[in-house]
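Asks: Let me give you the structure first, and then I'll get to my questions.
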Amino acid sequence: MGARTQVTQTTPARTALQHFSTPFFLIPQGTGITAVILHEIQYQFTGLQTISVVFWMINIVTLLLFSLILFSRIVLEPKAFFRGVGTDPSQASCLASISVSFTVSVMMVSLVVVPSWGGRSWANAVYAMWWVAAGLATACCVGVPLLFLKAIRAQGGFVESLTPTTQLPIIAALTAAAGAGTIASSASAHLERDQLVPMLIMGFLLVGLALPLAVMLDVLFLIRMLQPHEGNTAGPLPATLIYTDMVLCGPWGQASFALQSLGQAMTKLKPISGPYPSPESAVFVSQQAVAPIGYASMLGGIVAWGQATFWWTFAVFCIGRVILKVIRKREPFPFAIPSWSIVFPWGVYTNSTVQLGKLLDSPVCRVWSTILVIVLVILWLTCSALTLRGVFRGTLLGLRKGWKVAPAQNGAA
């Protein structure tokens, strides 16, 4: 006689949860920077500020939703989650996207809520949230690269594991620095000098923490790409990951904006008054020092923008070459969640160009930034449409047969 055994199946929801990973946080990250740029671009039209707020709301909703889903996965699948983070550099790197998404949202609070509603209470709330963001960014920039040590060994060494996404923790620190400059400008009327000075100094420290690491990783990535005599050179990235090349532009674009905004805030720093240290005991922030430091910082931002332009051009060339190849072969358009990595770096390069146009009062920068914004919105809409299609079909969440529950099968033993 044969015994009937029940074959258990994983529900589609559980399968989707198992396939949910940190790269999904690239979505609120890219949405948030789009909101900031639409708010700050100089060529405005009626309703654009409202559209910016809509993008900001999407940023907040997706950040909260994905954080809840990620927390659920950590609780229900702790071993699988930590194994993925410990063995996949991309998953480890995208932990920094949580910090970036939160920081960009804080920047929008300072740009929208503080000027509109006003009041010292909101400015203090933004100030406190920024310090939380700075702490998260510092932890990401220092801690996440330590996870790479195990992940590099798990993936077969340096050549296989070094992709542009390893620079996301660096971008987290630079985004916090950019947030310091933004808050110091938009909320300065409601913040005291003894609040602004530590924030600005911390912003410069974050730039110093992150930017040298970006230089080193850029060199290593070029070695990975351009060393033909090495037998195991990986060469170009796969088609579904080629969009991550734009991440190489991210640290320099964000550093450019951070240095420009920090420098501008330094030049507008309030005079020393009250119990704050005198110029003799606080030389760096004395009235004689803040203006030269500010202008030097702005100059550094211009220099960083030049390097960002190189990596932007490099990424556009690499991505364009793959797209043309796909078109010629009439292959399906490559898309996966990591494709969202093109949006945020494009956005920070655009944001630095917007800021440069303001500092230089340059029509060329204003026109160029407007073109970049238009393309950015197109990229966001395209990625959003493809993501929604992939989620509804289940293909982005490991559901090969969609969200339908397959009937249970009985087998004879």
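A Cβ is built for glycine as well, from the same backbone N, Cα and C atoms used for every other residue.
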Asks: Among 20-41, 240-261, where does TrEMBL put the label transmembrane segment?
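Replies: Checked against TrEMBL: transmembrane segment maps to 20-41.
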Asks: Against which stretches of its own chain does the transmembrane segment (333-349) lie, if we need a Cβ under 8 Å and a gap of at least six residues from its ends?
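Replies: Sequence-remote neighbours of the transmembrane segment (333-349) are 21, 23-24, 26-27, 29-31, 33-34, 36-37, 90, 100, 164-165, 171, 175, 178, 239-244, 246-250, 253-254, 257, 308-309, 312, 315, 319, 322, 326, 372, 375-376, 379-380, 383, 386-387, 390, 396.
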Asks: Which residues, given as numbers and ranges, are at least 6 beyond the ends of the transmembrane segment (168-187) yet have a Cβ under 8 Å from it?
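Replies: Non-local partners: 93-97, 99-100, 103-104, 106-107, 110-111, 114-115, 122-123, 126-127, 130, 133-134, 136-138, 140-141, 144-145, 196, 199-200, 202-204, 206-207, 209-211, 213-214, 217, 247, 250-251, 254-255, 257-258, 260-265, 268, 344-345, 348, 351.
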Asks: Pairs of Cβ atoms less than 8 Å apart decide it: which stretch in 53-75, 126-148, 199-223, 369-392 has the most with the transmembrane segment (20-41)?
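Replies: Out of the listed stretches, 53-75 contacts the transmembrane segment (20-41) most.
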Asks: Look over the recorded stretches 95-114, 126-148, 199-223, 369-392 and say which has the most C-beta pairs under 8 A to the transmembrane segment (53-75).
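Replies: By Cβ pairs under 8 Å, 95-114 leads among 95-114, 126-148, 199-223, 369-392.
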